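**Q** The following block contains the structure, expressed as structure tokens.
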């Protein structure tokens, strides 16, 4: 009796599907399969940190399943972190800058500790010492640049600061060169390759953590709204994607992070767009949030006071025909910043998660669940800021490309640093230019 070829193909397909499902079941909860473990078996494993969930929460949630227990722990700690975020905003820009610096140092420490935990058995000389030394050098360079840009009058007033500012880049290069020479002198013949691996590890960490945290501070000087809205959008997307994924998630999004789902991704996107528009509307009405952060030389303190730009003044916008027929409105009053908030929210919910996926791939490479166990239910500080650093870079580029124009105050600062003859030459050139354009006589007549 001849077999039916169609039935044979069907049985073969069912067998292949069964094998595929079985292999998926063998993937552990962190998304590392047996085959992948064999490929990466040459990588030393980082010790898994113990569960540091507060005993009070453990007792209160002891009757729940691990899934719901984790949900409640994450939720409670999330509310605590959001409350702390509001508190430091209330304390002002100086405290925010200090918090950014502390977060940067902690993130650097977590990544460097992973490297040290993986390779500590090789007893590499000076690895951690040089890593922290390079962190000091890079921070000296970036914060020195910031002080020169935003505290120019104070720097020119104090002689030691003026000298440090004048030779800042040379001093920064000399400090880095010292560390470079120390690294070369620390090379051990049998560990050359490994030491260069760790040298690269340190510099990539500096690029990811220190450079982008410096951009966060630059965004803050543009106005606290450019600091708060992007960070809040990332937080909102993280929370809403988790909520939608927890309750409705069925379709896996990416293999690097098996717990992420399309339902969470899409739900987080729309929630973040709405949240960004609403938060921008509330904050754009307050000078404290929209004015650039400037240093007052008279009071030696930061001040946030200005006449809000057009970006933060309500304007009428005509609605498209489709929305007009649905809502019955012909125009809507919005702050122009709300339109920009759509771009920020879209990036936070579409591209921002790739910072998390990158971190997931990094953790899978070293078979760890979290960067650290600093925050119960959340992992380390780096686990919470993996998307924020990518967002900070986008905001800085966005401001430079679409928002910020020439800054007259910085031009004046540079002019004041010139010699008297150079200032006089620029004055005469500017006067001739204004006279040629017909602007100076009008100004003189108005003054008369």
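From the backbone N, Cα and C atoms, a Cβ is placed for every residue, glycine too.
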**Q** Choose the correct range: of 18-35, 36-53, 126-143, which one does TrEMBL annotate as transmembrane segment? Give that range.
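**A** Here TrEMBL associates transmembrane segment with the stretch 126-143.
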**Q** Can you identify, from 314-336, 337-359, 360-382, the stretch that TrEMBL calls transmembrane segment?
**A** 337-359
**Q** Restricting to CB pairs under 8 Å, which listed stretch, 96-119, 265-289, 337-359, is in contact most with the transmembrane segment (195-217)?
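**A** The stretch with the most contacts is 96-119.
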**Q** Which sequence positions outside the transmembrane segment (170-188), separated from its termini by at least 6 residues, show Cβ-Cβ distances below 8 Å to it?
**A** 124-126, 130, 133-134, 136-138, 140-141, 144, 164, 195, 199
**Q** By Cβ distance under 8 Å, which residues at least 6 away from the ends of the transmembrane segment (126-143) in the same chain are close to it?
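**A** Long-range Cβ neighbours of the transmembrane segment (126-143): 101, 104-105, 108, 112, 115-116, 119, 168-169, 171-172, 175-176, 179, 182-183, 186, 195, 198, 202-203, 205-206, 210-211, 214.
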**Q** With Cβ-Cβ distances below 8 Å as the criterion, list the same-chain residues six or more beyond the ends of the transmembrane segment (265-289) that contact it, or say none.
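**A** Distal contacts: 223-225, 228-229, 232-233, 236-238, 240-241, 243-245, 248, 253, 304-306, 308, 312, 334-335, 337-338, 340-342, 344-346, 348-350, 353.
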**Q** Is the transmembrane segment (71-90) packed against any residues at least 6 beyond its ends, judged by a Cβ distance under 8 Å, and which are they?
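**A** For the transmembrane segment (71-90), the sequence-distant neighbours (Cβ-Cβ under 8 Å, at least 6 residues beyond its ends) are 53, 57, 61, 64, 96, 99, 224, 228, 231, 235, 239, 242, 246, 375-378, 384.
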**Q** Take the transmembrane segment (337-359) and find every residue of the same chain, 6 or more past its ends, with a Cβ under 8 Å from one of its Cβ atoms.
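**A** Distal contacts: 225, 229-230, 233-234, 236-237, 241, 254, 256-257, 260, 265, 268-269, 272-273, 275-277, 279-281, 284, 290, 311-312, 371, 382-383, 386-391, 394-395, 398, 402-403.
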